[in-house]
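Contents: one structure, followed by commentary.
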Amino acid sequence: MEGVQEILSRAGIFQGVDPTAVNNLIQDMETVRFPRGATIFDEGEPGDRLYIITSGKVKLARHAPDGRENLLTIMGPSDMFGELSIFDPGPRTSSAVCVTEVHAATMNSDMLRNWVADHPAIAEQLLRVLARRLRRTNASLADLIFTDVPGRVAKTLLQLANRFGTQEAGALRVNHDLTQEEIAQLVGASRETVNKALATFAHRGWIRLEGKSVLIVDTEHLARRAR
């Protein structure tokens, strides 16, 4: 089983940076624990901390004035969030809520700026992290316009599998820990429509639905449907 230091060292912010410097910074970071369902920060509030998950899952979401929630992404071990507030003094652009119990390492803006000053390579890594997120956002917008709901459901399942999947007897187990409503928010469609697509995939033998997990039996057909 991986240790906390190994998980943190895989974070995008640390890629390509001197390992000794990374280990020194990791030792200086504060460790925090949040129970399942806890809100780490709310959309609109000020913030000056970034977080790197060491265990558990966090959902980032935005809320409409009428209370509706739009789920942006699900993050897991080695993923970083909250960094925008360090470089942009504006309010938080999303809420971060724990899907499961979460352990994380955190640093404030002063600590990060001092580290960037001592290790300029970190600035390039941060730009790469932000660029990858922008690419994913653009791809998600294109999917909402050009891809039907079953296609988006298939793509979402494959993305969750890529992030959280484990091999199990020739299939791929995805323990997503999400409710049906949260899956629908992640897809960007109604729960009824998403459930219909999932039921169709299950009927065709591509997947098996098992509580808050999905067993992907036929990755090839699911990938074709996602195109």
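Cβ atoms here come from the backbone N, Cα and C positions, even for glycine.
The structure displayed is predicted, hence computed values, not measured ones.
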Among 80-99, 100-119, 160-179, 180-199, Swiss-Prot lists DNA-binding region at 180-199
Nearest by Cα to Asn138 (3',5'-cyclic AMP 1 binding site), of the binding-site residues Ile145, Gln185, Arg191, is Ile145
Reduced DSSP state (H/G/I helix, E/B strand, rest coil) at Glu83 (3',5'-cyclic AMP 1 binding site) is coil
Cβ atoms other than its own within 10 Å of the Cβ of Glu83 (3',5'-cyclic AMP 1 binding site), all chains, total 22
Counting every protein chain shown, other Cβ atoms within 10 Å of the Cβ of Glu181 (3',5'-cyclic AMP 2 binding site) number 13
